[in-house]
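A.B. asks: Encoded as structure tokens, here's the structure I'll be asking about.
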Amino acid sequence: MSDTFKDQDTSTRQRRSPSKRLSISEEAQNVSGLPRAPFPLNLLEKPFQIKSLYGGPNLTEATGWAMDSAARGPLNQAGSFVGTALLRLALAEAGCGNPRTCTTKVYGFKPTNILTMSSVVVGLASAILMPIVGAIVDHTKYRKFMGALTAFLVCFVTGLQLIISQDTWFPVLILEIFGGFFFIAHLTSTMAFLPDLTMDEAELSHYTARFNIAGFTFQMVYVSLIILTSEIVDSNNLLTAKISLAYAFPMASVLLGYAWTFLFHNRPPLRAVPDGSNLLTAGFVQVGKTSMRILRQYKSLRWFMFALLWSPESGAGAVLSITVTYMVTVLQMSTREVGITNLVMLVFTIPGSFFSQKMVQLINPLRSFRASLVFFSLSVGITGAILDSPEKKNWTYFFASLWGIAFGWVYPSQRVLQCTLIPKGQETEMMGVFAFFAQLLGWLPPLIFSIMNSRGVDMRWGIAMIAFFILFAFFITLLIGDYDAAVLEANPRSEKEEIYDEEDLQDKGEDTTDDNDS
């Protein structure tokens, strides 16, 4: 980073009292000349500001991350409403009364496979093309630009989907596929900023939990508005989907536009494009080199990387497509009932996020991540075992509460863990590899589900497959070993860090002396 970053002000220096070192985001905030939002527009960011554990001024990129997380919520939830409508429109075109017994194909697929097969396309495209996004983030000064561009594209595609109807459902399905890819590309760009926020594990846990809460709370408000509006106008499945898009488009556009204009800072290139490479190949080369270095030098990080292949975040949209298909086909739930299920789940992600923060502090991020995977796997497995007919669909709301706690618990624990296991100075590079591995097999669960569905296998086995994937991720994390040893392996203590610790002890001694004198 620039030498100018070293000229930090006193107030920002005070907030890092435990380590006396500034994070990259704090350094950037001291020197970057971002435009300031005028009053009263700047009031928009107030609900998303997150206090540091150590006092001092609010970190603008932490506020931006919270706003981005909140904006992604409606975009993600709109997919469930639109997906439900698309599935019903496809069934109507096929002339199927009972979705469980429908064998007629539309565009070469069973109607009950259209959502899962679209997830397969998104997953494969992401696995193939995401290294190019990572190369732009790593090797150019356009990290912020990529975040802003992908945010615009996601919002633009969301707005276009308002044309959904019986005649246009297939073009909207294609738009949904593009939107899914742009969403993952945007998340990849945004995740590159996460390890820059702080160098302190406790504060990182604090931030990630608050980001989770901001995202799920905003989703909760969004889904509540849709359910309330659909009740008032007595909407059908198609109109409910349009209402969801009509809310998601402006909400996400405003929050993402503000965050990427006023809150995120530019970054210099992390490294130059290697000789003999270009931006189209550099990402693949870098992923290969970084992966090989992890395999050879970092045992704990290696197993964590393999665990990401099977974690709930691996193709998160795939889980959504499978569950929506299951609720519509097996439980025969309406779009509004799917929305209520989502609302219940979102309500319970908030206590799950708080619980995650406490567990990270009490038993460390690795044990918290392991426990969350077991809880998640059990919740999913029991759901598939019990919910097997429309007569039992009211139990969906109970199991949605368990899924909500699981989602709220697993994501903050996973993100704190991956940030603390990354060797210092390699944050952006490693986050790119993690993003790649998190999407590498994201297409596999919906593909298996689609194949089983095409052959008439009970869809409950598709839900059981999700539980198996998550449980397999847990077993892989057991190979990581001890958390403290894993952190030490990634970042051996340097002489400089020992000096910082000695200074902290001296400061504590001086504080104690002052207290005694008084």
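Cβ from N, Cα, C; glycine included.
Unlike curated records, TrEMBL annotations are generated automatically.
What you are looking at is a predicted structure, and each value in this text was computed from that prediction instead of being measured.
What TrEMBL shows for this protein is this:
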| type | residues | note |
| --- | --- | --- |
| COMPBIAS | 1-12 | compositional bias 'Basic and acidic residues' |
| COMPBIAS | 20-29 | compositional bias 'Polar residues' |
| REGION | 1-29 | region 'Disordered' |
| REGION | 495-518 | region 'Disordered' |
| TRANSMEM | 114-133 | transmembrane segment |
| TRANSMEM | 145-165 | transmembrane segment |
| TRANSMEM | 172-193 | transmembrane segment |
| TRANSMEM | 213-233 | transmembrane segment |
| TRANSMEM | 245-264 | transmembrane segment |
| TRANSMEM | 303-326 | transmembrane segment |
| TRANSMEM | 338-356 | transmembrane segment |
| TRANSMEM | 368-387 | transmembrane segment |
| TRANSMEM | 394-411 | transmembrane segment |
| TRANSMEM | 431-449 | transmembrane segment |
| TRANSMEM | 461-481 | transmembrane segment |
A.B. asks: Same-chain Cβ contacts of the transmembrane segment (394-411) under 8 Å, 6 or more residues past its ends?
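C.D. replies: 208, 212, 216, 311-313, 327, 331, 333, 337, 340-342, 344-356, 359, 368-369, 371-373, 375-376, 379-380, 382-383, 386-387.
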A.B. asks: Please work out whether the transmembrane segment (213-233) lies in contact with the transmembrane segment (338-356), by counting C-beta pairs under 8 angstroms that are 6 or more apart in sequence and asking whether there are at least 3.
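C.D. replies: Touching, yes - the transmembrane segment (213-233) and the transmembrane segment (338-356) meet the threshold of 3 or more Cβ pairs under 8 Å.
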A.B. asks: Below 8 angstroms Cβ to Cβ, which residues of this chain, lying six or more residues outside the transmembrane segment (145-165), approach it?
C.D. replies: 68, 71, 75, 78, 82, 85-86, 89, 133, 136-137, 171-172, 175-176, 178-179, 182-183, 185-186, 189-190, 193, 238, 241-242, 245-246, 248-249, 252-253, 256-257, 260-261, 264
A.B. asks: Name the range, of those listed as 172-193, 338-356, 368-387, 431-449, 461-481, that has the largest tally of Cβ pairs under 8 Å with the transmembrane segment (114-133).
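C.D. replies: The stretch with the most close Cβ contacts to the transmembrane segment (114-133) is 431-449.
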A.B. asks: Just to be sure I understand, if DSSP states are collapsed into helix, strand and coil, how many residues of the compositional bias 'Polar residues' (20-29) fall in each?
C.D. replies: 6 helix, 0 strand, 4 coil
A.B. asks: By a Cβ-Cβ criterion of under 8 Å, what residues six or more beyond either terminus of the transmembrane segment (461-481) are in contact with it?
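C.D. replies: Distant Cβ neighbours of the transmembrane segment (461-481) are 299-300, 303-304, 306-312, 314, 319, 322-323, 326, 366, 369-370, 373-374, 376-378, 380-381, 383-385, 445, 448-449, 452-453.
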A.B. asks: So which residues does the transmembrane segment (172-193) touch in its own chain, when a touch means Cβ under 8 Å and the partner is 6 or more beyond its ends?
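C.D. replies: Sequence-distant neighbours of the transmembrane segment (172-193): 25, 61, 64-65, 68, 72, 75-76, 79, 82-83, 86, 114, 118-119, 121-122, 125-126, 129-130, 133-134, 137, 143, 146-147, 150-151, 153-154, 157-158, 160-161, 163-164, 264, 317, 428, 431-432, 434-435, 439.
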A.B. asks: In terms of Cβ proximity under 8 Å, which residues at least six beyond the ends of the transmembrane segment (245-264) contact it?
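C.D. replies: Non-local partners: 34-37, 41-42, 44-45, 60-61, 63-65, 67-68, 70-72, 74-75, 77-78, 81-82, 144, 147-148, 151-152, 154-155, 158-159, 161-162, 164, 193, 218, 222, 225-226, 229.
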